[in-house]
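Novice: TrEMBL feature annotations, pasted as is:
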- GLY72, VAL75, ASN79, ASN337, LEU423, SER427: Na(+) binding site (BINDING)
- 34-51: compositional bias 'Low complexity' (COMPBIAS)
- 32-53: region 'Disordered' (REGION)
- 628-648: region 'Disordered' (REGION)
- 66-84: transmembrane segment (TRANSMEM)
- 96-117: transmembrane segment (TRANSMEM)
- 138-166: transmembrane segment (TRANSMEM)
- 224-243: transmembrane segment (TRANSMEM)
- 255-278: transmembrane segment (TRANSMEM)
- 298-319: transmembrane segment (TRANSMEM)
- 331-352: transmembrane segment (TRANSMEM)
- 411-437: transmembrane segment (TRANSMEM)
- 449-468: transmembrane segment (TRANSMEM)
- 480-501: transmembrane segment (TRANSMEM)
- 521-547: transmembrane segment (TRANSMEM)
- 567-592: transmembrane segment (TRANSMEM)
Amino acid sequence: MPKNSKVTQREQGDVVTASVADLLAHEQPLDYKSSSLSVGGPPGSRVGVDSPENDGRPAWNSKLEYILAQVGFSVGLGNVWRFPYLCQKNGGGAYLVPYFILLILIGIPLFFLELAVGQKIRRGSIGVWNYVCPQLGGVGVSSLMVCGFVGLYYNVIIGWSIFYFFQSFQSPLPWSSCPVRINGSQAIVEPECDKSSATTYFWYRETLNITSSISDTGGLNWKMTVSLFIAWVIVCLAVIKGIQSSGKVMYFSSLFPYVVLFCFLVRGLFLKGAVDGIAHMFTPKLEIMLEPQVWREAATQVFFALGLGFGGVIAFSSYNRSDNNCHFDAVLVSVINFITSILATLVVFAVLGFKANVLNEKCVTVKEDGFGQLGLQPCVLEDELNKAVQGTGLAFIAFTEAMTHFPAAPLWSVLFFFMLINLGLGSMIGTMTGITTPILDTFKIRKEILTVVCCIVAFLCGLLFVQRSGNYFVTMFDDYSAGLPLTVVVILENLSVAWIYGTKRFMQDLEDMLGFRPYKFYFYMWKYVSPLCLLVLVLATIIQMAISPPGYNAWVQDQAEERFQSYPPWATVMCFSLVVVAMLPLPGVFIARRLNLLTDGSNKLSASYQTCSQIRLKHIETLPKIKLKHSDPPPNQTEAQRHAPKSD
């Protein structure tokens, strides 16, 4: 018999007439959080009780499907356009050192923690943290709200990629040259394009048709509205059946970007100047590595690269078997994410090296001492490579401009933007799962209806971002809706498990669940190192927000350039409202449960799923009386013992 059995076999020959509940009355008290019941039989057998895998909760069809889902969620647009920028800005190859150290100290331990709690408790973010510590149940609600905020603007980026994808089926590409105005008998190049570049003009004027300030909304941009609608339709179809549909989508959306990245890498290495770009990228600047700002940005990137705090990691893991090796999953996905970031950096700087070389060749050839006399800047390849570009500026301007110089440029453009769509789709599937799973765990709602309603509401709210000034709101939400709230969410997750639930208790749960005890390394990370690192990150984020004036880069049409502008008062209020609203459930739920204004959600069952402890109690109540008869007494029982009166 397993040592944790709740019912033990009686000696052979004993005549017993009792219910299972009577038998249990003489045993140790039941642990209401236990997930199994062993009744006689061979060791490890389970009789009359459904295992967690049979509780009606959906499950992944295969381990590969689950891994691809986690990889698709964690590997997103940030790996392609944020990580290379941070490498370039923070010391080139030297940036990889703090990033890797913080991946070990923060990334993998906290990713493992989220996978483990989701797999053990088999709930979404709200149910998990209600179970671990009901007074911190607001952690799950805040996580869901941040998912909502991020999903609103993240899908707008997918919409932009869809627009560029369809525009790529032209030769030459529409952003390869400036448009020309016909003024009588004269052909005049569009001044805004002439002052900037063809790709910059196409982005700001043809795609966004952007206004010069956030206060001037300019009305809806119908092209972006249609693109956003298509993006939400794709997301809705991908997640409408839950993991049964999204799991199938992940086979393509998670793997296709790697095919494209390898194609770009091979093609890029044969381009003139590509080696210069890669060499510039990985030339370490060790003096920069010691600056606190580098470590703060590395910690932030580790944090967001793995999708910590969003709820998607927990939601995906909750559909796993209870004995799945989530430690292996945590290490595997984290390593894949890191390698993907390096691969994307190689691709980006190979292509940007080629672009810099093309621009350098077009530079005017002047004697070295003649630049100052002519009022010109010297043509230095390194200066072009030092121009830090990130986000939409990298994807829709710099990288797009480089592809116009490729042979068969439309083909490469189609592949690139289709890759961005798939990268974004993988992250959106995880984000939507982080929203729908907690709701389905709490309320009795058909997942198809919930998914459609969520997508319709999100599309209507997303119209804010497809106004002509919508890009400024995308920047606002990106800066304020997720950064600080998610950091606070994750530090509370860490503290609730390590200090409230108990690290030793959690380690024992992991041993029971996995069949082996995790390394002592995780004990110290969860208990001391990770909370300390997260606390420093929270303080650094608050200081950074305090010293950086709230503002945005506005596109000034007359000068054809970006200029920093401070937010007007109403927009500043909106910025900080995003932070407050996302974090409001944390104190709200805590106070409500302290004052008994809100019921304790730790034992509340899902409307759709039941835990095995509840199923077990139902079986105990309904099982019939069991009568065991054996004619022959056991050899070690005396006659007096057999006829002695039975005690109650």
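Using N, Cα and C of the backbone, Cβ positions are placed for all residues, glycine too.
Tell me what's around each of these sites.
Specialist: Within 10 Å of the C-beta atom of GLY72 (Na(+) binding site) sit 28 other C-beta atoms, taking all shown protein chains into account.
Distant neighbours of the transmembrane segment (96-117): 87, 128, 132, 289, 294-295, 298-299, 301-303, 305-306, 308, 313-314, 317, 326-327, 329-331, 333-334, 338, 342, 490, 493-494, 497, 506, 509-510, 513, 518, 522, 525-526, 529-530, 533-534; these residues of the same chain sit at least 6 beyond its ends, with a Cβ under 8 Å from one of its Cβ atoms.
Beyond the ends of the transmembrane segment (138-166), by six or more residues, the same chain brings 77, 124-130, 207, 223-224, 227-228, 230-232, 234-235, 309-312, 392, 395-396, 400, 413-414, 417-418, 420-421, 424-425, 427-428, 431-432, 434-435, 438-439, 458, 461-462, 464-466, 470, 473-474, 477-478, 481-482, 485-486, 488-489, 492-493, 496, 578, 581-590 to within a C-beta distance below 8 angstroms of the stretch.
Packing against the transmembrane segment (224-243) from elsewhere in the chain are residues 58-60, 65, 69, 155-156, 158-160, 162-163, 207-208, 249, 253, 316, 319, 425, 428-429, 432-433, 436, 447-448, 451-452, 455, 458-459, 462-463, 465-466, 470: each is 6 or more residues past its ends and has a CB under 8 Å from a CB in it.
Cβ atoms under 8 Å from those of the transmembrane segment (255-278) belong to residues 68, 75, 340, 343-344, 346-347, 349-358, 360, 381, 385, 406, 412, 415-416, 418-419, 422-423 of the same chain, restricted to positions at least 6 beyond its ends.
Taking Cβ pairs closer than 8 Å, the transmembrane segment (331-352) reaches residues 67, 70-71, 74-75, 79-81, 83-84, 87-88, 96, 99-100, 103, 107-108, 111-112, 258, 261-262, 264-265, 268-269, 271, 274-275, 277-278, 280-281, 305-306, 385, 389, 394, 398-399, 402-403 in its own chain, all 6 or more past its ends.
Counting only same-chain residues 6+ beyond the ends of the transmembrane segment (411-437), those with a CB under 8 A from a CB of the stretch are 69, 71-77, 79-80, 124-125, 143-144, 147-148, 150-151, 154-155, 157-158, 161-162, 164-165, 168-169, 173, 234-235, 238-239, 242-243, 246, 249-250, 252-254, 256-257, 260-261, 263-264, 267, 307, 310-316, 318, 395, 399-400, 403, 447, 450-451, 454.
Within the chain, the transmembrane segment (449-468) has long-range Cβ neighbours (under 8 A, six or more residues past its boundaries) at 148, 151-153, 155-156, 159, 208-211, 216-221, 224-225, 227-229, 232-233, 235-236, 239-240, 432, 435-436, 439-440, 474, 477.
Sequence-distant contacts of the transmembrane segment (521-547) (same chain, at least 6 residues past either end, Cβ-Cβ under 8 Å): 102, 105-106, 109-110, 112-113, 292, 296, 299-300, 303, 483-484, 487-488, 490-491, 494-495, 497-499, 503-504, 506-507.
Here the transmembrane segment (567-592) has long-range neighbours at 135-139, 141-142, 145-146, 149, 214-215, 476-477, 479-482, 484-485, 488-489, 492, 550-552, 598, meaning same-chain residues at least 6 beyond its ends whose C-beta is under 8 angstroms from one of its own.
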Novice: Take the Cβ of SER427 (Na(+) binding site) and count every other Cβ within 10 Å, whichever protein chain it belongs to.
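Specialist: Cβ-Cβ neighbours of SER427 (Na(+) binding site) within 10 Å number 28.
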Novice: Out of VAL75, LEU423, which has the highest number of nearby Cβ atoms, where nearby means within 10 Å of its Cβ, if these are the binding-site residues?
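Specialist: Max Cβ neighbours within 10 Å, all protein chains included: LEU423.
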Novice: Cβ within 8 Å of the Na(+) site centroid (GLY72, VAL75, ASN79, ASN337, LEU423, SER427 excluded): which residues?
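Specialist: Nearby residues not in the site list: VAL71, PHE73, SER74, GLY76, LEU77, GLY78, SER254, PRO257, THR340, GLY426.
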Novice: Same-chain residues six or more away whose CB lies under 8 A from the CB of ASN79 (Na(+) binding site)?
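Specialist: In sequence order, ALA305, ASN337, THR340, SER341, ALA344, LEU423 meet the Cβ cut-off.
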Novice: If you draw a 10 Å sphere on the Cβ of ASN337 (Na(+) binding site), how many other Cβ atoms land inside?
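Specialist: The answer is 23 other Cβ atoms.
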